[in-house]
Amino acid sequence: MNFTKRPFLLTILDGWGYSPEVEGNAIHAANTPNLDDLLETYPNTLLSASGEDVGLPEGQMGNSEVGHLNIGAGRVVYQDLTRINRDIGNGDFFKNPVLKQAIENAKAQGSALHLMGLFSYGGVHSHMKHLRALIEFAKDEGITEIFIHAFLDGRDVSPRAALEDMKEHVEYCNNLSVGKIATVSGRYYAMDRDNRWDRTEDAYNAITRGDGVYYSKGPVDAISEGYGRGENDEFIKPTVIVDENGRPIGRMNENDTVIFFNFRPDRARQLTYAFVNDEFDNFERKSHPKVHFVCMTEYDEKLEVPIAFPSEELKNTLGEVLSKEGIKQLRIAETEKYAHVTFFFNGGVEKQNEGEERCLIPSPKVATYDLKPEMSAYEVTEELIERIGSGKYDVIVLNLANMDMVGHSGIMEAAVKAVEVVDDCVGKIITAIKEVGGEAMVMADHGNAEKMVEFCNNTERQCYTAHTSNPVRCIYVTQEKRVELQKGRLSDVAPTILKIMGIEKPPEMTGVPLIKNT
């Protein structure tokens, strides 16, 4: 290794997508003197961050998990969504031994099968196609009592997409003569990932005890009533569906079988722990039925549960290669994106590499981040600048979460503020890097804040809260002259960093360095 311009800082600005559209573009509307200066001064390009270029189905928008996996792996990582879709298509899904055993357990016990997960076509955490494949699998195996616990989205799809989706799904189940929605909860409650256990508790109680915040005679009514309270899909309070006598139609009992069909781990962990961890103490479980619990993918290596689609091992990720070279690394982010710069960036491996330090800055405890668009960016920046000055690290991986997390609110003014906060922080961080003679790459993992509105029927304007499939910026902050970057995809970033540092790219990395040969 002949790299002397240390540290090298990889700055991932979550949700910093590129779009020429002006209307509803918080990035265009914001005052960003620092990012503008970097784009004018240093080599930069656009990277594909969605669809087949990141291992997703064609046209599927990217997300933080997928983005960090591809960036850290230096190759296109075929995602769980793609794998599961493939198995449904070729029939292997219906032979999956873990899923088959779960269904056999329900048959043997004469008990109910509960399917819980994000009720969404978004394809980020789950997909309706997978839920329906499970229903059809169970029906074909003779299961008649199937209850669905629907977690409503409103972030990776339109804020109120669930109502029409639910109407369609109820008709689908009626046609099959099997499958009933037992509970409805916004993902804000059922899929919290920031240790706000009171939210998880509300969802857990609805699912296990039939103890809801609200009760409704049907799932379509439950959603409509939530809208009447001013709640979008994401925030609909846990609602239990009851029969004509007011009794929960799908309360969970001993020996029932549960399949959690989310394939993305980070927002599935807390609720799973509440179900399967005997030592659980984050809230009092008033009911804890012993069930046969199956996870669609591996949510956490500490969870001892059957996994339908185990992780595929990724060898020689960027962090692993740097570790073998004796390079000291720092990973730093606030809570919302900490798992992304550690677990996901390392190829879905929780264990730290040798020589890798981690720094977690707590995210603010607010209901939604539009209430505090700066989140903890300034605290992250202050800590990072101090660590840059220490001279201890060779490579630093940073995530600033604001443009993504505030972008999900759909509130334009808050998103503009988030962009401006990030710009301010980037300016301070790049100044600190230059002062010690380091270099940096400033990029994103997927788009979000560049699209805050959409138009229905070409006329009706509404908030847009999902990610986008737009390309993302990539800037190489260097004093080297005559450097040019070519267009590429996220998986080209790790090979580029290795080339900059004079380290040979391992054969597993199929990405191509972005630096043009001059």
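Just so it is clear, glycine is given a Cβ too, placed from its N, Cα and C backbone atoms.
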According to Swiss-Prot, ARG155, ASP156, ARG187, ARG193, ARG264, PRO265, ASP266, ARG267, LYS337 bind substrate; identify which of HIS125, HIS127, HIS130 is listed for that same site. HIS125
Which single residue out of SER64, SER390, SER409, SER491 does Swiss-Prot record at the Mn(2+) 2 site shared with ASP14, ASP445, HIS446? SER64
Specify the secondary structure state of ASP404 (Mn(2+) 1 binding site) as given by DSSP, simplified to three classes. helix
Can you tell me how far the Cα of PRO265 (substrate binding site) sits from the Cα of SER64 (Mn(2+) 2 binding site), in Å? 12
Rounded to a whole angstrom, what is the C-alpha distance between ARG193 (substrate binding site) and SER64 (Mn(2+) 2 binding site)? 14
Taking the recorded Mn(2+) 1 site as ASP404, HIS408, HIS467, identify the other residues of that chain whose CB atom sits within 8 Å of the mean position of the site's CB atoms, giving them in sequence order. ASP14, GLY15, ASN63, SER64, ARG155, MET403, MET405, GLY407, HIS446, ASN448, ALA449, THR465, ALA466
Determine, using Cα-Cα distances only, which of these binding-site residues is closest to ASP14 (Mn(2+) 2 binding site): HIS125, ASP156, ARG267, ASP404, HIS467. ASP404
Report, in whole Å, the straight Cα-to-Cα distance of HIS446 (Mn(2+) 2 binding site) from ASP404 (Mn(2+) 1 binding site). 9
Fill in the CA-CA distance, SER64 (Mn(2+) 2 binding site) to HIS467 (Mn(2+) 1 binding site), as an integer in Å. 9
